[in-house]
Amino acid sequence: MFPNDKTPLLDKIKTPAELRQLDRNSLRQLADELRKETISAVGVTGGHLGSGLGVIELTVALHYVFNTPKDALVWDVGHQTYPHKILTGRRDRIRTLRQRDGLSGFTQRAESEYDAFGAAHSSTSISAALGFAMASKLSDSDDKAVAIIGDGSMTAGMAYEAMNNAKAAGKRLIVILNDNEMSISPPVGALSSYLSRLISSRPFMNLRDIMRGVVNRMPKGLATAARKADEYARGMATGGTFFEELGFYYVGPVDGHNLDQLIPVLENVRDAKDGPILVHVVTRKGQGYAPAEAAKDKYHAVQRLDVVSGKQAKAPPGPPSYTSVFSEQLIKEAKQDDKIVTITAAMPTGTGLDRFQQYFPERMFDVGIAEQHAVTFAAGLAAAGYKPFCCLYSTFLQRGYDQLVHDVAIQNLPVRFAVDRAGLVGADGATHAGSFDLAFMVNLPNMVVMAPSDERELANMVHSMAHYDQGPISVRYPRGNGVGVSLEGEKEILPIGKGRLIRRGKKVAILSLGTRLEESLKAADRLDAQGLSTSVADMRFAKPLDEALTRQLLKSHQVIITIEEGALGGFATQVLTMASDEGLMDDGLKIRTLRLPDRFQPQDKQERQYAEAGLDADGIVAAVISALHRNSKPVEVVEMANMGSIARA
């Protein structure tokens with residue numbers, strides 16, 4: 001179907017400047033070819049499909065009407081930008097999307113001058129576009145800044161904070177509200193099309209300004225009545241009153257798949273003398289591809305697929321994902337405790353709470369893209385005696401940090417944080433990596449921070465959280481599947497701040513936090529084979545640190561390796577602080593910390609990302625050998641309580 005279809009018009013387009021040379025009547029054909037190319041490319045690489053197909057015509061129209069890159073297009077999130085990438089000189093690399101050394105799945109300033117602003121997290125576009133618009137105004141330039149934001153992103157307060165400050169930018173700021181949730185049928189009739197084109201035209205806007213001037217000179221009572229009549233009439237016609245209260249001219253709704261509507265409206269908006277302007281564009285996710293239109297949720301993000309049938313490649317069978325283990329254990333806990341409630345921020349499927357909702361619909365709260373609210377809402381529930389589990393991706397928990405400090409930790413409220421997608425995440429790259437939660441959580445007084453080494457440990461930790469009421473507690477776990485351990489049997493309530501010694505050795509000790517335990521054990525096998533007897537501990541808790549176990553290991557080994565799936569400032573800092581405070585390094589103890597590097601790692605397969613960071617068996621062995629070759633000293637054997645024969649430097 002698509003792979004062999006010809007794309008004669010698209011083949012001629014290397015830049016938007018060439019697109020703008022096309023006859024307007026040929027843009028429909030270009031859009032059809034662009035849709036085929038987008039489907040074909042995502043069929044090869046996988047990625048976000050539905051949202052991109054929904055903005056094909058809008059993307060063509062924006063690059064046709066606006067003088068990009070001089071006029072800045074600022075895309076929100078970036079899931080929908082594959083067609084934009086194809087039209088802006090990157091078609092030859094579009095089948096490298098989300099691959100190692102390939103194109104990003106989001107906009108990146110380093111990738112193209114047409115990517116005016118990087119994106120991946122939601123609801124940032126209007127703020128960034130306002131920055132471009134104000135820079136244009138300060139420079140006495142007429143360059144436009146166009147924010148393209150979806151209706152889902154408008155659930156976040158940041159979008160309204162930006163709009164509330166946007167009036168000063170005037171005509172240079174344009175916001176395109178891409179509404180792909182509304183039914184497209186009602187707003188695309190002849191009357192709606194006429195109204196949208198009329199309202200966006202210069203004569204209408206000038207007439208409205210004149211009438212506002214007249215109203216302002218009326219007696220107070222008449223003026224109020226006139227304004228209310230105007231608001232009522234415009235609200236009935238276009239629904240724009242809310243946005244106008246924020247200082248925007250409102251235009252729409254416009255059929256986002258009808259180029260004959262889109263282009264005249266965008267031209268009128270581009271040439272308007274006043275602003276800022278919001279254009280309400282109605283689109284369908286998956287437009288033009290039957291499988292995606294029929295199952296929008298399943299084609300938002302896809303694996304590689306057969307573009308003819310729409311069938312997606314299935315992942316090979318394996319152990320359950322950490323997310324599903326968390327969800328299933330939480331359901332078990334909630335069946336026993338009706339005080340357990342859950343909160344997520346527009347990610348019920350990603351966090352596994354869609355399953356929880358099937359059992360307890362009244363106890364699952366999806367607050368939209370509102371992490372700040374989610375954290376404080378959870379704090380309120382905890383203060384009222386409930387047991388909230390606040391379930392967020394690590395990368396999005398960053399957005400609620402002040403609330404973590406002010407509303408949870410200071411008040412020592414027993415909010416349970418399930419921090420999903422902790423560590424490196426593969427194809428989504430740096431913007432979605434869960435690199436920093438360890439560092440910013442262990443710094444909070446009262447906070448307990450756990451990380452499981454496998455799926456059974458995660459189930460134990462969820463069970464423990466359900467029974468912990470002394471203050472806030474968190475568990476972080478990665479994207480992907482477990483290691484295949486059994487989940488049968490009763491779950492344990494873990495003693496807070498206690499790790500476990502997995503393997504006894506004499507010379508090297510590996511203190512592992514999280515799912516690097518398997519690699520740590522592989523490294524220990526290799527080190528043992530080289531005559532370097534190695535202990536391995538599953539530390540379980542970054543905070544409170546198991547000081548007794550840590551102290552024993554530091555006193556009895558020559559080389560200490562800490563390993564964690566987080567950035568500088570996390571688990572290793574806890575170990576080093578204790579060692580420094582107690583003088584445990586004064587006699588030449590060698591400690592090496594393995595953690596994520598102090599840079600943003602690009603997209604790749606997870607295992608390669610961790611190997612590049614040195615967080616695999618090879619990296620552990622290399623760190624030990626390097627440490628031993630620097631000022632080595634002999635090792636003597638001592639006896640330690642509960643640990644058997646352990647080596648001491």
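Cβ atoms are placed via backbone N, Cα and C, with glycine included.
According to Swiss-Prot, the thiamine diphosphate binding site annotation covers His79, Ala120, His121, Ser122, Gly152, Ser153, Asn180, Tyr289, Glu371, on the basis of sequence analysis.
What Swiss-Prot records for Asp151, Asn180 is Mg(2+) binding site, and it gives sequence analysis as the kind of evidence. Taken residue by residue with DSSP, Asp151 (Mg(2+) binding site) is part of neither helix nor strand, so it is coil.
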Quiz prompt | Those binding-site residues listed as Asp151, Glu371, and which of them has the most Cβ atoms within 10 Å of its own Cβ | solution = Glu371
Practice problem: Have a look around His79 (thiamine diphosphate binding site) and count the other CB atoms within 10 A of its CB, chains all included. | Solution: 23
Practice problem: Sequence order is fine: just name those binding-site residues in His79, Asn180, Glu371 with a Cα within 10 angstroms of Asp151 (Mg(2+) binding site). | Solution: Asn180
Quiz prompt | Number of Cβ atoms other than its own within 10 Å, given for Gly152 (thiamine diphosphate binding site) | solution = 19
Practice problem: Would you count the other CB atoms within 10 A of the CB of Asn180 (thiamine diphosphate binding site), including those on all shown protein chains? | Solution: 22
Quiz item: How would DSSP class His79 (thiamine diphosphate binding site) in three states?
Solution: coil
